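All remarks here apply to the structure that follows.
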Amino acid sequence: MVLTILAVIPGIVLFSLVYGLDRNEKEPMGLMWKLFCLGAISVIPAAIVELILKNVYQSTFAFNNIVYLIALCYFAIGLAEEGGKYFFLKMATWKSPEFNYTFDGVVYAVTVSLGFAVIENIMYVLSTRSFGVAIMRALLSVPGHAMFGVYMGTYYGIAKLSESYINTAGRDKNLFRAYAAAVFIHGTYDFCLMTGQVVIVIPFLIFEIWFTFHTYKKLKLLAGADRRIQ
């Protein structure tokens with residue numbers, strides 16, 4: 001029970017932080033709960049796609065561990081996990097009448113991401129039965145997923161605004177950016193940690209601390225520059 005609570009708390013804290021920054025027309029909690037659950041459900045298709053791609057890359061890039069790791073992190077883990085989140089995010093919110101401010105896109109994407117992160121966190125923590133894993137994932141993995149959601153949501157909100165101006169090119173470009181940005185950041189995040197090389201991991205952990213504060217600053221700027229979508 002204690003481990004489960006430790007696995008869930010980071011997601012609740014981060015959701016409260018982002019939700020609290022939404023000053024214009026708070027999103028209904030029913031929609032937030034729906035997005036959180038869809039994010040949790042997205043773990044299943046993501047895991048299936050990830051496993052298939054992992055097997056393909058293992059046989060294709062067996063000759064070079066670094067090439068395999070790049071393929072795994074960017075084009076299996078990042079592609080599948082962010083793809084699952086993006087699919088359910090767009091399905092549940094794109095045509096919603098509640099999606100009427102650009103910052104809503106950030107709130108939605110982060111909520112879906114945290115649904116994914118919390119379920120993934122519970123599975124990892126309970127399978128290892130380790131307080132160390134719980135603490136490490138609370139500091140790295142869950143905030144990581146939230147940050148991926150921030151960048152996905154930033155472009156997602158801009159895409160919705162572009163559509164309101166009948167700018168289909170801008171809409172499509174920013175929808176692509178929403179997905180691509182999340183995949184790239186996620187892939188880079190995992191690659192740096194999974195190399196196991198001290199010369200990469202230590203600088204990355206220092207960078208991750210800076211990136212966390214940078215993303216929080218970006219969140220506040222996005223909330224302050226929130227624009228209504230007609």
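Using N, Cα and C of the backbone, Cβ positions are placed for all residues, glycine too.
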Note to self: Labelled transmembrane segment by TrEMBL, one stretch among 85-105, 106-126. Can you tell me which?
What the structure shows: 106-126
Note to self: Counting only residues 6 or more past its boundaries, what in the same chain has a CB within less than 8 Å of a CB in the transmembrane segment (61-80)?
What the structure shows: 45-47, 49-50, 53-54, 182-184, 186-188, 190-191, 194-195
Check: So which residues does the transmembrane segment (178-211) touch in its own chain, when a touch means Cβ under 8 Å and the partner is 6 or more beyond its ends?
Finding: 69-70, 72-75, 77-79, 81-83, 85-86, 105, 109, 140, 144, 147-149, 151-156, 159
